[in-house]
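Asker: One structure follows; several queries about it will come next.
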Amino acid sequence: GIGFKAGVKDYRLTHYTPDYETKDTDILAAFRMTPQPGVPAEEAGAAVAAESSTGTWTTVWTDGLTSLDRYKGRCYDIEPVAGEENQYIAYVAYPLDLFEEGSVTNMFTSIVGNVFGFKALRALRSEDSRIPPAYSKTFIGPPHGIQVERDKLNKYGRPLLGCTIKPKLGLSAKNYGRAVYECLRGGLDFTKDDENVNSQPFMRWRDRFLFVAEALFKAQAETGEIKGHYSNATAGTCEEMMKRAVFARESGAPIVMHDYSTGGFTANTSLAFYCRDNGLLLHIHRAMHAVIDRQRNHGIHFRVLAKALRMSGGDHIHSGTVVGKLEGEREVTLGFVDLLRDDYIEKDRSRGIYFTQDWVSMPGVFPVASGGIHVWHMPALTEIFGDDSVLQFGGGTLGHPWGNAPGAVANRVALEACVQARNEGRDLARQGNEIIREAAKWSP
């Protein structure tokens, strides 16, 4: 008897611990699991905890060289999902020591890694996570955050306005710059590179950045307002991405952009450090998120991707519109919008928030509403998102029958009218159309 017993044993013997009291330093995760027929929920939950932390499929003698009690993930609660057959929420607690400081990449490799391919589960979805201050404090977080951005731009008391330049592919740099100028001159705060625009044969990045910088300065001089264009620094290598960010800064641009799902968290965090050190704002686009978050029973919910981005670093992030052309439910969307911009968010299952999240002093991120919205949505958007948001109208600006600048004017007039009406105590939900119609009389 050397005390080592080889062989396969049930995960639930070691990793299902219903009487465990979670620690303040634990990283907590809620998983929606659909076990294979015949697999008990406790075994499935324990398997998730084990496979995303210290466990493997069999007992190994090297287990004796460490303290599993200290390092193992524990499934501490399981609840059936109402209205679903054979679906459960498993709550898992991970000890802080399992994760590298300041690395979203490492955190995701564990908690949303191999376990998602696990045979005993038909499907698995990460619904929410609780990041303790002990861990979140090791991350850079947003390079600047909502308050500093408002101070840099000198824009207060209203949402910010943006516009994605369309057609997204095919314009020359010169014509692209012209479209940027017209939108900014008309009254928008920002214009945006479409996420597909990197550096293609029809428009190389350096040419675009230069013509855009010219447009920025011209529009600023004529309007007396600070303007920005999200120059997309996303590239095939981290080095090339940094080169583009440096060039954007040297051209006098106030903000750059990155696709954090396709570019990856490692690249994103590097860029966030550069942006903080050099006074650049960082706009984050979420291309590829729907591949990961759209299925109800498998994948990662966007609120988890949003929390990860707040830690990795970004000043703006796309987060759905509630009213536009892309999917999103109102309460759930507002739940993760608050997770992005508030300090302290109470657990509230009706909004999809499984854990109370305390960000302590980490700056907030502007949620960006973008995708199929236009001027008639303005009252709803103002009411749903409030002041701390960026509202982006691509086709909703450039599709104006008189052209880009009048489209921009229309959006700015509508926004100012909605903010004023709200401040005067009018009901945006009920009187929205009327407010917009009134405003239109004074708009070109």
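Cβ atoms here come from the backbone N, Cα and C positions, even for glycine.
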Asker: If I go by Swiss-Prot, which of His15, His229, His318 binds substrate at the same site as Asn114, Thr164, Lys168, Arg286, Ser370?
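Answerer: It is His318, as the record lists it for that site.
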Asker: What is the set of residues, excluding Lys192, Asp194, Glu195, whose C-beta falls within 8 angstroms of the centroid of the C-beta atoms at the Mg(2+) site?
Answerer: Thr164, Ile165, Lys168, Asp193, Asn196, Val197, Tyr230, Asn232, Met257, His285
Asker: Helix, strand or coil: which one is Ser370 (substrate binding site) in, per DSSP?
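Answerer: In the DSSP reduction, Ser370 (substrate binding site) maps to strand.
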Asker: Validating a neighbour-count step here. Other CB atoms within 10 A of the CB of Thr164 (substrate binding site): how many?
Answerer: 24
Asker: Can you give me the same-chain residues 6 or more apart in sequence from Lys192 (N6-carboxylysine) with a CB-CB distance under 8 Å?
Answerer: Gly162, Cys163, Thr164, Ile165, His229, Tyr230, Met257, His283, Gln392, Gly394
Asker: For His318 (substrate binding site), write down the residues of its own chain that are at least 6 apart in sequence and whose Cβ falls under 8 Å from its Cβ; none is a fine answer.
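Answerer: Counting only residues 6 or more apart in sequence, the Cβ neighbours of His318 (substrate binding site) under 8 Å are Ile284, His285, Arg286, Val368, Ser370, Gly371.
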